[in-house]
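Trainee: So Swiss-Prot has the following annotated:
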type    : residues                                                       : note
BINDING : GLY106, ALA107, PHE132, ASP217, GLU218, VAL219, GLN220, THR275 : pyridoxal 5'-phosphate binding site
BINDING : ARG135, SER274                                                 : N(2)-acetyl-L-ornithine binding site
MOD_RES : LYS246                                                         : N6-(pyridoxal phosphate)lysine
Amino acid sequence: MSNQEFAQRWQGVMIDSYGTPGLSFVRGEGSTLWDADGTAYTDFVSGLAVNALGHAHPAVVGAVSRQIASLGHISNFYSAEPTITLAERLIELFGRPGRVFFCNSGAEANETAFKIGRLTGRSRIVAAQSGFHGRTMGSLALTGQPAKREPFLPLPGDVTHVPYGDAEALRAAVTEDTAMVILEPIQGESGVVVPPKGYLRAAREITEATGTLLVLDEVQTGIGRTGHWFAAQAEGVEADVVTLAKGLGGGLPLGAAVAFGRAAELMTPGHHASTFGGNPVSCARTRVLDTIAADGLLDRVKQLGSAPDEWSVRDAAAIRWSPMSGAGLMLGIVLNEPLAPQVQLAAQKAGFLVNVPAPDVVRLIPPLVIEETEVDAFLQALPGLLDAVHERDREGQTGE
């Protein structure tokens, strides 16, 4: 069956919330995907920063296969070893006592944080403009992107959005009535936006001064994506709640809210639940964490993430784009013109899958196991792709 045939079947039965996909994939291995037509692509999207170990990693396949063969779903009326082990491993990575609530996604993890904030007895919440925390009604209320919010108004209330990266604006908005501040260490969905150095530390100081919880949404930045287990570790910032998903499950639905100090004690039985949260099969992906550690992937991510930045500075003038933004293997190619969708299509035709979070940004979030040769191949092809897109755009404007 071809890509076109899959697209026709999709159109017949799926709600049109994504648009009709042009590609249908049938197999993956490492950083390579094969579509229904047999074409191979180097994957710089990794399921939107989900497949930390790439596709069909033997350690993950083995762990999940063994777990599903012995115990699948049991509900949270009971406990299972994989769930407890993963929670213990996360607390170990944070290096301080805490408690974990497992769920299925980043949006659900942020809904959990929302509830923890309200359990302080305060109601006001401060979030960032252009921030993204999910599409459920509560997480959408936290999201600072009007285009995503407006079709669903009114949303759960008392959320104030302030400019991202502006510590003084944050300071002015946070008072002793503020329940929590929620921020991304790097804004992913708005274009891989990195705040000024010291911003997260300032947020920690502001929230501590007012008794406000600091929630860091590490759904995209966590689990090694930036070269640290958690991006905030680069600044030594410790939040009251950290939300996780994407790379945590390594390909299966898994999210978590990890709470510390008083935030870890606010929820009691009956306050919250998730039917599939902590599913033993999803939690068997502890092997993701073990493999990242055993294979030295954090250092490798830092090294791979630095190479394209040096390259972009060297060749920026020739190919009309600014130096890459981001950290580790969460990178944004910031174009000087809003041509990112055209670049995405050109890259796809050349055998590379990339993502477009903004009209002028091409996002690279490949598996952490991507080979250096695969990165080099993309970087070698990129100037030609950009030149071709720019030339076609120029011809379209002049009518040539």
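A Cβ is built for glycine as well, from the same backbone N, Cα and C atoms used for every other residue.
It should be emphasised that the depicted structure is a prediction, and the values quoted were computed from it without experimental measurement.
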Trainee: What residues, ordered by sequence, lie under 8 A Cβ-to-Cβ from ARG135 (N(2)-acetyl-L-ornithine binding site) and sit at least six positions away in the same chain?
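Mentor: Long-range Cβ contacts: ALA107, THR143, LYS148.
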Trainee: Rounded to a whole angstrom, what is the C-alpha distance between GLN220 (pyridoxal 5'-phosphate binding site) and LYS246 (N6-(pyridoxal phosphate)lysine)?
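Mentor: Between the alpha carbons of GLN220 (pyridoxal 5'-phosphate binding site) and LYS246 (N6-(pyridoxal phosphate)lysine) there are 6 Å.
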Trainee: For SER274 (N(2)-acetyl-L-ornithine binding site), write down the residues of its own chain that are at least 6 apart in sequence and whose Cβ falls under 8 Å from its Cβ; none is a fine answer.
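Mentor: ASN76, PHE101, PHE102, CYS103, ASN104, GLU108 - these are the non-local Cβ neighbours of SER274 (N(2)-acetyl-L-ornithine binding site), listed in sequence order.
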Trainee: Calculate the distance in Å between the alpha carbons (Cα) of PHE132 (pyridoxal 5'-phosphate binding site) and LYS246 (N6-(pyridoxal phosphate)lysine), and round it to a whole number.
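Mentor: A Cα-Cα distance of 14 Å.
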Trainee: Have a look at the binding-site residues (GLY106, GLU218, GLN220, THR275) and report the one with the fewest Cβ neighbours inside 10 Å.
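Mentor: Fewest other Cβ atoms within 10 Å, among the binding-site residues GLY106, GLU218, GLN220, THR275, is found for THR275.
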Trainee: Please report the Cα separation of GLU218 (pyridoxal 5'-phosphate binding site) and the residue listed as 'N6-(pyridoxal phosphate)lysine' in Å, rounded to an integer.
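Mentor: Cα-Cα, rounded: 9 Å.
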Trainee: Within 10 Å of each Cβ, count the other Cβ atoms, then let me know which of the binding-site residues ALA107, VAL219 comes out lowest.
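Mentor: Sparsest of the binding-site residues ALA107, VAL219 by Cβ contacts within 10 Å: ALA107.
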